[in-house]
Amino acid sequence: MKIYEKAPAKINLMLDVLHKRPDGYHEVEMIMTMVDLADRLEMSALPRDTIIISSQAGYIPLDEKNLAFQAARLIKDRYHVRSGVHIHLDKKIPVAAGLAGGSSDAAATLRGLNRLWELGISDGELKELGAELGSDVPFCVTGGTALAIGRGEKLIPLANPPQCWVVLAKLPINVSTAEVYGKLRSDRIAHHPSAIRMQEAIEKGDFAMVCGELGNVLEEVTLHMHPEVAHLKDTMLRLGADGVLMSGSGPTVFGLVSRESKVSRIYNGLRGFCKEVYAVRLLT
Ligand SMILES: C[C@@](CO)(OP(=O)(O)O)[C@H](O)COP(=O)(O)OP(=O)(O)OC[C@H]1O[C@@H](n2ccc(N)nc2=O)[C@H](O)[C@@H]1O
Ligand SMILES: Nc1ncnc2c1ncn2[C@@H]1O[C@H](COP(=O)(O)OP(=O)(O)O)[C@@H](O)[C@H]1O
């Protein structure tokens, strides 16, 4: 028996940090949505009590460090499942990019194994399991568009933003989420983006307002470490993107584009100096 799941990438339309918590995490306000760039997971039942991860991508761990492995082990332990699974990850989402590729693989594993082993776990319970794996995993369980609060695990569903093109560009830089949060001085944030105004823009379906309200307080940290990301943002704007922002802790930069006629110009202009560029749609 085989089960297939898609694991889409997320982008953060806005990301604000309120303060650092005593447990070391940061209290956030983020509006996240999914884009049509996805890993594909194939899950095959194994009679033996074992978890095997494989992938065509040579650059991700295939052992217990893999988030899909951790998701499978969590669900097996919690629901006393004796059989095993082979999970093949067809990676399309750039790794450590601020696009939640690993978190989305973990969420897809929870959804897929719930079906494969006919466990009947509700979406709410899957999200709770997801929160044990990472702050972004609960959002990835159901996707859509949501306001995420707490450390990112508490979700308030929102309408989808107006449809548009999303050009994603990732420079060959590695950024660690923990390092970026670690370097943030949450008491010295100059400008806090507004979740309320971004929500309003989304509710009105006002694309120009969505572009105007884009904001991410983690940009300051990552752009300071890697000024070439700021250059990439400027280039995307100059090429004609309507709004540009770094996603999550970076380094991926995304540009929102309303007119299809502008997309190939932006895509080709970026490909001149950036190898990883994608032109996709919002997943609405
Ligand atoms: C920044 C964001 C924005 O969506 O995404 P990415 O850039 O990773 O995609 C998220 O907040 C990342 O979520 P996720 O990648 O699941 O983080 P976790 O595994 O829970 O935590 C990794 C580390 O980041 C820090 N962390 C994470 C979330 C949070 N609200 N405060 C934190 O300080 C902690 O140091 C933690 O040890
Ligand atoms: N299934 C997976 N896909 C990608 N990365 C994974 C996976 N499992 C574990 N990782 C590890 O998680 C880290 C963060 O990866 P990822 O989720 O792609 O980034 P981000 O949190 O920036 O969106 C990387 O260091 C990577 O080695």
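The chain as shown is numbered from 1 upward.
The backbone N, Cα and C atoms fix where each Cβ goes, and this holds for glycine too.
Residues or ranges marked as active site by TrEMBL: Lys10, Asp136. Summarising the annotation, TrEMBL assigns domain 'GHMP kinase N-terminal' to 66-144. Summarising the annotation, TrEMBL assigns ATP binding site to Pro94, Val95, Ala96, Ala97, Gly98, Leu99, Ala100, Gly101, Gly102, Ser103, Ser104. Here TrEMBL flags 198-274 as domain 'GHMP kinase C-terminal'.
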| query | For the recorded positions Gly98, Gly102, Ser104, Asp136, which residues place their CB under 6 A from an atom of ligand 1? | reply | Gly98, Asp136
| Per DSSP, Lys10 (active site) is which: helix, strand or coil? | strand
| field | Cβ neighbour count (within 10 Å, all chains shown) around Lys10 (active site) | value | 28
| query | From the centroid of the CB atoms of Pro94, Val95, Ala96, Ala97, Gly98, Leu99, Ala100, Gly101, Gly102, Ser103, Ser104, the recorded ATP site, which same-chain residues not already listed sit within 8 A by their CB, in sequence order? | reply | Ala9, Ile93
| Listed recorded positions: Ala96, Ala100, Asp136. Which have a CB under 6 angstroms from an atom of ligand 2? | Ala96, Ala100
| query | Once near-sequence residues are set aside, which residues in the chain of Asp136 (active site), 6 or more away, have Cβ atoms under 8 Å from its Cβ? | reply | Lys10, Met32, Ala100, Ser103, Gly152, Gly248
| Cβ-based isolation winner (fewest other Cβ atoms within 10 Å) among the binding-site residues Ala96, Ala100 | Ala96
| message | With every protein chain in view, what's the tally of Cβ atoms within 10 Å of the Cβ of Ser104 (ATP binding site), excluding that atom itself? | response | 29
